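Copied over from TrEMBL, here are the features:
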- Arg93, Lys133, 138-144, 175-178, Glu183, His206, 257-258: ATP binding site (BINDING)
- 97-287: domain 'ATP-grasp' (DOMAIN)
Amino acid sequence: MHVLVLGAGQLARMMSLAGAPLNLTLTAYDVTTCTVVHPLTQVARPQTLEQAIADADVITAEFEHIPHDILEICEQSGKFFPTSLAIKAGGDRRIEKTLLDGAGVRNAAYAIINTRADFDQAIETVGIPMVLKSALGGYDGKGQWRLKDRAQAGAIWTEMQACLNDSKQQAIVAEQFVPFQREVSLVGARNHQGDIETYPLAENIHIGGVLSLSTAIDAPQLQTQAETMFAAVADSLDYVGVLALEFFDIDGDLLVNEIAPRVHNSGHWTQQGAEICQFENHLRAVCGLPLGSTKLVRETAMINILGEDSLPPEIMAMEGCHIHWYGKSQRPGRKMGHINLTADYPGQLQRKLCEIAKYLDKAAFPAVHQIAHDIQD
Ligand code: ATP
Ligand code: MG
């Protein structure tokens, strides 16, 4: 089968690698350069999007910021999964919030801001502290502001106004600040028949809004809550493919932060830690193949490699250490690759995290150092 992926980044690359053993061949469409490319080499193919759509058996997406006209053409072909609504919900926080409310899933109280008057009203209704997020185009904590004190309102409004002026479609979503203990996420797949398989929850540490460390956890009470919310969201969208839900954990109660209608960075651990990884399961779901087992087979932590293009050889030599580079050119803070660190039991994983920290730069890998420090304390 031939699959066309909208988006040509590392997620399309890893989907392509996972699909090969099943004879699933992938082509990617780079929506920023409007070219059809090979998902591994990035070499352009002499094909228009229309031709690539005609050639594909199935079309899917690896990210949510896709121009709506492209989504419409793909959906009209009848080959596109999940639906364009699911992709739009991931790319527009207004649609996302409406969807979460409609599915009856708990999320942070919010207000939509288009004008200064809306902002002043949101300060009253949502309250301070408040997290302000651009409705469109946000990722990795970009396009966000924190209002901690009313005195900051004027300066923040100036910045938000510039963002609003970028595009007529833009708006700001003002969200209540959630005093969470930790962040977790649930990645799962839903097939054409509506069957759902979810992976164990991952606990995520973000630094400066960017995911740094993600560890598969065994938390039965949270898992049950997360699975119920996952099913509510996935069913309400008649979703097909892999979907991720990010949560805030507040004293054992989960609140949805956001959804990602695609394979997710917090699910990369499944490449080594689960029976069938998220990339293969996404392809299985969209191609109408049976879903694979999401069972944990090894304790795993995923470490994002941000802004670095090499690692000390000692890391590669460590047992249970699996390196995944994305073939990208180096830029400060850029997601260049990740490390999946596996172990036979949780205590061993902790020991390995302490060991790997010795070889990783503290500034580039703050979460690993933080965890290693906590464990050794
Ligand atoms: P992603 O890269 O996951 O798509 P994003 O840029 O879309 O990220 P969010 O996930 O909405 O942004 O926010 C980034 C981080 O900011 C969250 O992981 C969380 O740590 C923090 N955050 C977001 N919203 C809130 C909130 N309402 N209260 C407290 N912290 C928040
Ligand atoms: Mg997020």
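Even glycines carry a Cβ here, placed using N, Cα and C.
These numbers come from a predicted model, not from an experiment.
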What are the non-local neighbours of Glu175 (ATP binding site), defined as same-chain residues 6+ apart in sequence with CB under 8 A from its CB?
Ala108, Ala109, Tyr110, Val126, Met130, Val131, Leu132, Lys133
Taking DSSP as the reference, which of helix, strand or coil describes Lys142 (ATP binding site)?
coil
